Structures are given as C-alpha cells and as structure tokens.
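Structure, as structure tokens:
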Amino acid sequence: QIMIFAIEEINRSESLLPNVTIGYRIYDTCGSRLSTMSATTGVMNGQDFGLGDRCNGHPPLHAIIGESESSATVILSRTTGPFKIPVSRALVYIVKHFGWSWVGAVNSDNDYGNNGMAAFLQIAQEEGICVEYSVKFYRTETEKLKKVVDIIKRGTAKVIVSFVSFVEMGLLIDQLSIQKIAGFQMIGVESWITTKNYITSSSFHSLGGSLGFAVRKINIEGFADYVIKEFWDTAFPCSQSEGNSSQYALNCSRYEELLALKIYNEDVPEQRYASNVYKAVYAVAHSLHSLLKCKEQEGCEKSGAVAQYEVVNWQQDSDGLFQFKSVGYYDASLPPLQRLMLNTKNIIWAGGQLKPSSVCSESCPLGTRKAAQKGRPVCCYDCIPCAEGEISNETDSINCKQCPREYWSNEEKNNCVSKNLEFLSFTEVMGIVLVFFSLFGIGITVLVAILFYSKKDTPIIKANNSELSFLLLFSLTLCFLCSLTFIGRPTEWSCMLRHTAFGITFVLCISCVLGKTIVVLMAFKATLPGSNVMKWFGPKQQRLSVFVFTLVQVLICVLWVTISPPFPYKNMKYYKEKIILECNLGSTIGFWAVLGYIGLLAALCFILSFLARKLPDNFNEAKFITFSMLIFCAVWITFIPAYVSSPGKFTVAVEIFAILASSFGLLFCIFAPKCYIILLKPEQNTKQNIMGKTTSKSY
C-alpha cells in the first residue's frame, strides 16, 4: 500500500516527472532464493511464466526495488548491479566511538551476513579494531549454532557485532536465553534490531541494552488516511451518496472511530519499513527525473543516496514495557567526525548503567609504551615503562620519546624536566666542611702571624729569617683563601680565578720555602772561618728570588688565560640524569704547565732541604722543611690519579682537599715547632741558648 500511495502521489505531482506516469509490477519471493532468482530473470528479460507454461511479454522495467531481507536483495544485485553495505561502516563507527577495540563477530552464513561481515572486518582492521573471533551459522545448522554460543560464552570480548539475518537472529536469541548468557553488549543491524517479536522478558535478560542501526522512519503525510479509506471502502462501503439508511450510517460512524485509532500506530516498527519503501520509490522517481533532464552532449551527473540510520537501544521503561529507544543517528553525508551523533545519557547498557569495557589490554598510561604480545592481535599488548631519559605523554603510546640533551624524564616518565645541576655548593655538607677547614686554616695562619709579630725581636724569630716567614704566612693565607674559589656555581670569572690564584699562590708559598732552605744552607756555610757567602744571598737576593720564581708562574698563567682560558662547562658524560657544572681547563697544556712548575719547585726545595737536614739544631729548619715538602709532594702525587678518576663535584673536592692538606702541612711542619718554643718553652728562646748550641755543634 505504501508503494502504491507513493506512486499515485508522484503521478499527481507537477514538479516531479511531469507528463510522465509510472507504474509497477510486484513479485513475491516467498522468502525463497529460488523464487528470487526466477523473479529476477523475468524482470531482466521482460518475460514471465503465465498459464499453461507460456511466457507473457511485458514492457522492460527501468528500476528495481529489492525486498526488505538483504539476502534476497544480494541475489538480485548480482544480476542488476553493485551492492554496497553502508551499515558495516556505521558499525565500525559506533564501536570506535565507545573505545571498544576488542570485539566478537557473529554473522549469518548467507550472502547478507557474509558480505556484511567481510566489509565490517576490513574496515575494522583499517581502524585498528581487533576481532577476537568471527563465527557464522545458518538457520538449519543447530550444532554449529551451539558452538557459536559456546564461543561467545568463553570469549573475553564483551561487545559482539551481530550481522545476522532475521531468522538466524531469532535462533541465536533462543540459545542465549536457554543458556542464560548475559552481560554482552550486542551491536545489531536493521534486519533484527527493531523486531518487536524478539524483545521479550527472556531475551531482554540476554540482550537488554543492545544497540543497533535501524532504518530512519519518516512521517508520511496522508498515508494513514489513505490506508484506512482503502481498507474501509473495500470492507464496508460508506458513502453519503448511498442514502441515509441505518446500515450506511453505522458504517460511517465506525469509520470515524477507526480514524481515531491511527494515532496509536504511529511508532510501530513496521512504519520504518514503510518509510523505507516510500523513500525507495521517491529515489527511483528522482533518478528518472534527473535522467530525463540529461543532455546528450553533456551527459548526466553521477550521484547516489547516502546511508542514514537511526541508532536504537533496547530498553525497559518504568512500567515494565520494552521499547526501542532512539538514542542517536548516523548520517554518512556529514564529515567523518560528525557522522555519528549519540545521546549517551539516554543509553541503557548491557548488564547495568555503566558502559562496558571491551579491550584485550587496558590502555597504557602515561610513562609507558605498548609492546605487542607475540602471536596475538595488535590490540593485545603489554605496557612497558619508558627507559630512563625517555617519556610518553599520551595514553597508548607506541614509542617513548627521548628527552632533549639537557632534559631528563621525571619519576612518572610523562614529562621532560631540566636535569639537576651538580656542583660543589656552599650549602651542602661537603662544601660546608671544606669551607670550615679553609677558614680554620686562615684563622690559624693569622694567629701564627700575630704571634710571630709580637715575638719578632726574640732570637728564634730572628734566627729563622723573619721576613721570609711573614711572606710565607701571607702566601699560606692566600692558599687557604683560593680554595674557596673552587666552591659555588662555576662562572667565567671564577673558573679563571680559581686556577690562576691556585697556581700563583702556591708558587709564592714554595718560593718562600725554597728561599728559607737556601738561607739555611748559606747561613751554615757563613759560620765557617773565612766564608762571605751571605753577601751573595742577602735579603735583597732572597726577595728577588721569590719574585722571579713567582713571576714565571704569573707569565704561565697569563699565557694560559690569554690563549685558551678555563670556562664554565656542562659535563653530561659521567651521568645521564644530571649535568655537572664544572670548569673546563680550556688548555690542558696550561693546566699541567702550572702544576708542573709547582712540582719542579717543590722537588728542588725537597732536595735542598734533604741535603740540609743534618745541620746544627739551631739551623735545623731544613729538617722541618723536609717534612713539609714530603707531605706536600705526597699529597699532590696522590692528587693526580684521584683528580682524573673522580667524577663531578668530587673532582673539585679532591682539588680543594689537596690545597688544604698541603697548606696545613707547610703551616704545621714549619711553624708549629717555633710556636711550641715561644709558647711552652720560652726559656729556650734566648740568644745564649741558640749561640751555645750552635758553637757546640759547629766544632
């Protein structure tokens, strides 16, 4: 009736197919593929079997509209033209929309199910959706159906895509109900999703909350009145022209009652099929209309209808009535991101109010990457934490990204943060300890200088060359001070200052010690009869020697700083997770030249003091100088391998330790014995005592 209604409506239209009258021929396939093939053959060649096995000729048809069951339509399409299954792509859209990457697939073993499922599987693979199993059955294969149900029951996928024909779906629902299988989110197609006979108490237990695509219904204006009138005119003639008899009056009153009942049938599932037929007839009419407007020279513009579906949800209302609730739509004519529109709040899910999760592996959180499980689909993977220095800042990341050179991964491995800067600071324990000993050394040196200055007129101070002693104390103070330049964040100036100050102050210190050693040797020779050696190494010569020795080191440092000075450097070789801020030597030749010159003077001083170690007691300063040089050389010899092998801030700490240790060695070995006599043995600090011992030892 809907087809006839649409055709009559088109024939009355003045804008659509004007001056053209269309007709129709109806074939009943009786649900049989054989009948479908027979009807298709007759449609294509214009010959039908009539009475007496004779063929009746008919005018050729310009268009064919298939039946509601797609299996028969597929048979028809193989003869008449291509057959596309747009609902397969719609199924992929809804699966992907809800984040279901692990699904099961069931289809009926016929053209409709096989072709539809094949299209779905191909599109699903392109979109990264994995199918745990894909099984099929035909309506007569009872044992195979039971195996399908068993596979569903044992599967881990919680979402099942059901591309099943009308009859097969009824059998599947029966088996699911018998085995009381529930909790699976079924995604269906138009062949069964709005079948009212299938939604019962038992089936709702298994398939409640099912989602699926149904043909979008439209309200066809005037069709209800048309159907009722046709029905009434056939069953109960009612016309005012027939007279005013009571029978006609009764029939007409019943007609009015029947019109009032039409409002109760506006949302029945059959209306969707009627809408589909209505649109199909109009699609043919518009196609013919466009074809008649084509010009031979220009040809016809190719166009086609797009898929439009309504998304329905199996629900049960507060009164216990089952219904097909519309929760969205799918329109293939829209941009990809807008094709599927859903009102998620109105959806009732299988097994409860929460959307089911159907994944082979849970999403990998930030800070991890996906690693495929061997022999399993790509949706099955392990989440591997990113390595140190790598991050992933998005879920389900395939790879971890390496942090830039000066950055490192945080603990969560989801963000790159600046690497920790390591240098010997004043606030850390090691820095505080070294600062303490440096200041302690300065304090002791100052106290010794004060003591010596207060006792400068005593014999023991005069006998040990007071001028060089004060200069030595001054240089030791500078040595203790220069150790502080090694602590703190390296800067361009601090890098140049720490190495040059260290080199110059230590050469000044060793030069003073060397001068004192030479004075001891010369003084002993001067006591011999007829010796005037002291005039060759008097106070002026002593000051000059110290100046010359120190000047050589100053020149070395100036050349070093001028040609290739030390500079701040970010060392990332020792540790991957942090940056060592240190002073790059610039020119290693300059650094080792400074150390080498200090070592040369120290070795010379040690040799001379060793030769003078057995001089008389009052001139035995050489013995203490020998001890101090022994400590000095031992410290700096052990410093070299420790300096080379110590990483990071420990390199600086080793250098500071060497400076402090050698400075304390010189301070205590040279000045401690004199301070002992001055403070604790003042009776020995007399000219007679010193001269007496000298005389007795000289002869």
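Just so it is clear, glycine is given a Cβ too, placed from its N, Cα and C backbone atoms.
Automated prediction, rather than curation, is the source of TrEMBL annotations.
For 429-454 (among others), the entry in TrEMBL reads transmembrane segment.
Taken from TrEMBL, the feature domain 'G-protein coupled receptors family 3 profile' applies to 430-694.
Annotation comment: TrEMBL describes 466-488 (among others) as transmembrane segment.
According to TrEMBL, the feature transmembrane segment maps to 500-524 (among others).
The transmembrane segment annotation in TrEMBL covers 544-563 (among others). Packing against the transmembrane segment (544-563) from elsewhere in the chain are residues 468, 471, 496, 499-500, 503-504, 507-508, 510-512, 514-515, 518, 586-587, 590-591, 593-594, 597-598, 601: each is 6 or more residues past its ends and has a CB under 8 Å from a CB in it.
Here TrEMBL flags 589-612 (among others) as transmembrane segment.
Tertiary proximity for the transmembrane segment (624-644) is limited to same-chain residues at least six positions away from its ends with a CB under 8 Å from its CB atoms, namely 510, 513, 516-517, 520, 595, 598-599, 602-603, 605-606, 609-610, 612-613, 651, 654-655, 658, 661-662, 665-666, 669-670, 673. The annotation transmembrane segment is assigned in TrEMBL to 624-644 (among others).
According to TrEMBL, the feature transmembrane segment maps to 656-679 (among others). Within its own chain, the transmembrane segment (656-679) has Cβ neighbours under 8 Å at 424, 434, 437-438, 441, 444-445, 448, 451-452, 455, 458, 460-461, 464, 469, 472-473, 476, 479-480, 482-483, 486-487, 502, 506, 509, 513, 516, 621, 624-625, 627-628, 631-632, 635-636, 639, 643, 685, counting only residues six or more beyond its boundaries.
500-524 is the stretch from 429-454, 466-488, 500-524 with the greatest number of Cβ pairs below 8 Å to the transmembrane segment (589-612). Per-residue pLDDT, averaged along the domain 'G-protein coupled receptors family 3 profile' (430-694), amounts to 83 for this model.
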